[in-house]
């Protein structure tokens, strides 16, 4: 019995060690950015990489002073693109997912397959034709140029269909109909609340996708007051040969830009239970 | 939104929407009343340009300029060309590097303002002016700044090794060897495969001109004797290991400037700004010198960087835009602002009168702008073609491999690849190519 | 809630609610048949405008080319003409194209198994009850954290960590007296790029697998344990088969992401000599479109990549015989 406990103990230690190693690997660059953003421009390239310094606040002030606080505008823009884009996209995905999961209609499998095919298309390929088409209606270099394409997420629709199929019992829909509620009323009052958990996941997915998207705003926007954070930071880094790259500002900016996402993740942690396969295993 | 919206219907409606609006957009340039109030947008990546523009805006209430800061020359040109293709979305005024002007002209992106801009020819050095006329009667912009090559070095390290600023490329090679031998961590410089612009300048100094116009055909001479000489020279130094092979403008390069392991830099007149931003703490240790020469008896140099200001073909206010860019790049008050606020080296002849004190990072070197002016005068003629970007990206790939291999032979062989790629691209697009 | 349906699979009950829908819905009165279309309309309109139209437009562009006359400097010397399939021919015969495809293949062989292997391992460790709660929570959040870091930013951070002169990794090697490898040299670049993808993607896949594991009733393990099965056996014989559907899906999505690798090498490119402008097929698209100003060639390569992605991912699904992508039976 004692040997067995010892063995268990060992295994537990091994498991814990492995998990901590994994966590350390994932935290290393984050730790680095934290340390690096505390260094002055000179120290960043001369002192030992993992030795912290005391200039974090100076760096934040520098970043804040860059072209009258443009950085904060980028943060606000990012929040707008990701927040509004993801919210609208979630609603549209919920409606489409609900229709695909709970109704039978002509062309259903065609629509679903087309949407799935949409999941596979890389953004880089879409960016140029999207630009050319939006330019024809004069919408490039506006907030809409980034927002509108963010409203549609084939992946979000795919997930919403899974969630609707799993979370909304048909009986309740029938009951609601018998009570005389219209389809829209049923959707708003019954379906949306039932899909809530899943929809938060869809929201988070799309939020991260928009937040991470570089190519679309990079192509669409000519005015740097409209930039999201990724494009803005990239600009600080690549200013052309006759301008020095602003490494300390980029590093500090990168650190600050991660914080809101981490906060969002921690706050919505319990929703991160993604069951990708649920839709695919019923047969 | 009630019912009956089959997906197919939706698709058709949407498609109709697109084609409908597509036809309605037009970009006809109307004649304008000079007293009319106009608002123009200006794409530039020069820092603090908004301050220079503010001076214009307060004096010219009828022509108000808004600066849209860009992320450097390549992304800005990319966006401009895409906007031109799309038929809308371009600014009125655009900063254009000299090497991009043939591309922009051939894509019908920037307008001929010969009729609007008046006689400015005499206010600029011949080389810069040729850059905006492409040798024709047309005027595709007004030169803003130029980037004559100069050599920058850590005087403390050179002194310690008993070296003076190299007068010739032989001196440079000897200094490179001596410095690296004395301290294996130190290099006189690096060969950067990511900076085609610098290599072009070096080839220009040696007498190359990569493109040319023969009647109604383009010629391409990237693999000529002068460029071969430059490539084999740098390949030799890299193969020997006395010059580093890492790209510039990386964190590593910044570190090398900061910790004194890169003690020299072949760069251009704008280098002080970059050095100050990248290695502030080394202030006072750097000195500027004229470029090392192939033939000390006839000094020559090339350009790295430098740009003009152009009016795009999508503007509806060509006359006003031309008036502004003429002021911006030739009016003494504007030149002063460009030099002090925007930290550039104006191309106009009058610039010498406003460039009296050396840049802050070289405050000890009173003759800084004298050296620069000599360099600017010694700039060799060079013609850019309509597909510079193709040649430059071929340069990145071919010389990236060569630098990684550290073989001099690979350097010279790379030129044939770049030449081939550039010619093929021209032919494929339908340009007449001689030879 | 979504856990429910996974559970229904595990205890081998047919997923009743979902299955009954079609039958009942079909019986509904005809006058209401417009409803699903109305619900779908916003999605379909946006899909048409921002996905379908651009794709068809790209297809159109891939058949066009610009024809310049003479020196090409006159204002109207550029015309767009039909190109037939010449853009495709040029794309496929470009000497840089095949190496970039093979490189992405090798990259996928590194990234997908490593990332999913690590994700599965971490999920199983998290699920093992005896790991202390606080450590488990800390590890879960830490490993998931990189998902919050945009690829452009992640590549920038790792770039700093790779460059020998500024990297703590180099210092570490030197401290123990070994010459540090240059992670951006030609032998290791592929691994350096792969590492960024693995770092960014492991956490997300771990959560997916972990979610599936948590849905399994513990009673299932208890009986196995009473029968004397070791942890390893339980993981191998019970847990992994249970999360297989999740693994298949994460595999497909990872594969798609892998074929589209772009942001990481693009960000690292200026830092090293070893990443060319056509290092991956999407980088070639970018180069053609934005550096060479040839959107027609870029469109042709795009179409080829899109088709290849379809074939590979649907081919894989066909191969494993899952209907994950298709709701119709």
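Even glycines carry a Cβ here, placed using N, Cα and C.
Of the given residue ranges C:242-263, C:264-285, TrEMBL assigns the label transmembrane segment to C:242-263. As annotated in TrEMBL, transmembrane segment covers the listed stretch C:37-60 rather than the other ranges in C:13-36, C:37-60. Spatially, the transmembrane segment (C:295-317) is not adjacent to the transmembrane segment (C:104-126); fewer than three Cβ-Cβ distances between them are under 8 Å for residues at least 6 apart in sequence. Most Cβ pairs under 8 A with the transmembrane segment (C:104-126) among the ranges C:37-60, C:138-163, C:190-213 are made by C:190-213.
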